[in-house]
Amino acid sequence: MPHIRQLCWVSLLCLSSSAVAANVRLKVEGLSGELEKNVRAQLSTIQSDEVTPDRRFRARVDDAIREGLKALGYYEPTIKFDLLPPPAKGRQVLIARVTPGQPVLIGGTEVILRGGARTDKDYLALLKTRPAIGTVLNQGDYDNFKKSLTSVSLRKGYFDSEFIKSQLGIALGRHQAFWDIDYDSGERYRFGPVTFEGSQIRDEYLQNLLPFKEGDEYESKDLAELNRRLSATGWFNSVVVAPEFEKSRKTKILPLKGVVSPRTENTIETGVGYSTDVGPRVKASWKKPWMNSYGHSLTTSTSISAPEQVLDFSYKMPLLKNPLEQYYLVQGGFKRTDLNDTEQDSTTLAVSRYWDLSSGWQRAINLRWSFDHFTQGNVTNTTMLFYPGVMISRTRSRGGLMPTWGDSQRYSVDYSNTAWGSDVDFSVLQAQNVWIRTLYDRHRFVMRANLGWIETGDFDKVPPDLRFFAGGDRSIRGYKYKSISPKDSDGNLKGASKLATGSLEYQYNVTGKWWGAVFVDSGEAVSDIRRSDFKTGTGVGVRWASPVGPVKLDFAVPVGDKDEHGLQFYIGLGPEL
């Protein structure tokens, strides 16, 4: 019986405490700005059902408020508690009335730097961030300053650094605070030799990927860049490059060890897709990310749709002196086209030399050979071409698969001459630009411009793949794919020697990953610029930022065209740049 009575009393006390807690609300008055924000952060650990009017809880709140104020230089606040009766159908309110009091001011910030830090510009720059004498103490500034010293040491290779002394002195009677820091960075480490384990690629190729030389001063960004460059080659499944500290304490020369594992030798990918331009499409590819110890790689692919069937390959050969940014590319393939008034069988082979520059620009010179049998309208021809060319391009983006900012630029010149065996003389100049900009997160603008010019004395021998046609998803919407060009006397498309198209599209973020779009496209594909024939299409669309890239659905109509009146729709998936 006594035990039962005790249990009953305990149960009643718990129920009573819970009932009181559920009927009391805590309120803090007298603070604003950063003081209020910091105190609220200290009190955030208190749950609403923990609030009670008893002395123990008040002491807990008192401690939390003092800690929050102390961090910002207020060491002597006055805190008074009042318990207000509940309003009608409300709860009791426990009010903490706070007077912050006189703040503690910075009286001095003595920082002594030893070792390499005495002359290192990054450490010296930190000294300028110390608070001015007479400003209110903020303990966060002191803690962050110490963290910054440590951060510079780790970033720049002062791995023996230590605080000989670090003290924040408070003289409450004078309401002053004093920094007293004595920091020895020690000697800066330098990069030593780099060794690799597990690589199937020759060591000299890997050594030429290093963004630093042996003996250079250590920088953590250089180590991160080496990891990035090794991954960017596509040769490895995993890459880890780490310092070997145990071998460097005496000499301050830091060797690095890279542990890599080869990527799978063969990768096969298949896919089924649909685009309005070519309809349903089946794709397959076979990739060999490395074929030998020189890092050569091979990609073959095929794409089959009703109007186009393509089989091609690409063989990449990195150069020893700069394997990531400089390489040869051998490309070739076969393409069969039966679209509108074009029938073509084309076999191509090209050898290109690439330079990928640190600025983001890519440069290339190439030598192409092609053999084409084609019928364009009523004209049938067979041509063999052998022509060099140059190309420069750059793509930049920020914001993931559906960029908030970005641009893509590509400029090329190709030249063919019968003097070296081509069947036709020509010069081809092309420029393609895409720009993406976003304002205030919800307003997205996509602008496109394409220009092309063919100069030749025998246009009928130029293969359709080199001629210009407009119309379609990435050209002038409202018109069918490649349906705009000059026509012959029978009304068949001939292709054009001049191209100019542009597009302006505005997208608005309706909700989440969904965007609405309105656009206008305009341009022409002509052979005589004196006979301008601009076409314009306009429409609306929907965009979904899917995990694999933007999915689009557009509806467009021609504007002011007496021959074209129908509604065209476009479905697509893929990058906009």
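Positions of Cβ are set from backbone N, Cα and C atoms, glycine also.
Listed features, source Swiss-Prot:
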type: SIGNAL; residues: 1-21; note: signal peptide
type: DOMAIN; residues: 187-263; note: domain 'POTRA'
type: TRANSMEM; residues: 265-276; note: transmembrane segment
type: TRANSMEM; residues: 279-288; note: transmembrane segment
type: TRANSMEM; residues: 327-336; note: transmembrane segment
type: TRANSMEM; residues: 347-356; note: transmembrane segment
type: TRANSMEM; residues: 361-370; note: transmembrane segment
type: TRANSMEM; residues: 406-415; note: transmembrane segment
type: TRANSMEM; residues: 428-437; note: transmembrane segment
type: TRANSMEM; residues: 444-453; note: transmembrane segment
type: TRANSMEM; residues: 500-508; note: transmembrane segment
type: TRANSMEM; residues: 514-523; note: transmembrane segment
type: TRANSMEM; residues: 536-545; note: transmembrane segment
type: TRANSMEM; residues: 549-557; note: transmembrane segment
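Against the transmembrane segment (536-545), the recorded stretches 327-336, 361-370, 428-437, 500-508, 514-523 differ in Cβ pairs under 8 Å, and the greatest number is found for 514-523. Residues in the domain 'POTRA' (187-263) partition by DSSP class (helix H, G, I; strand E, B; coil) as 21 helix, 27 strand, 29 coil. Sequence-distant contacts of the transmembrane segment (500-508) (same chain, six or more residues past either end, CB-CB distance under 8 Å): 442-452, 470, 475-477, 515-525, 543.
In the predicted model, the domain 'POTRA' (187-263) has a mean pLDDT of 96.
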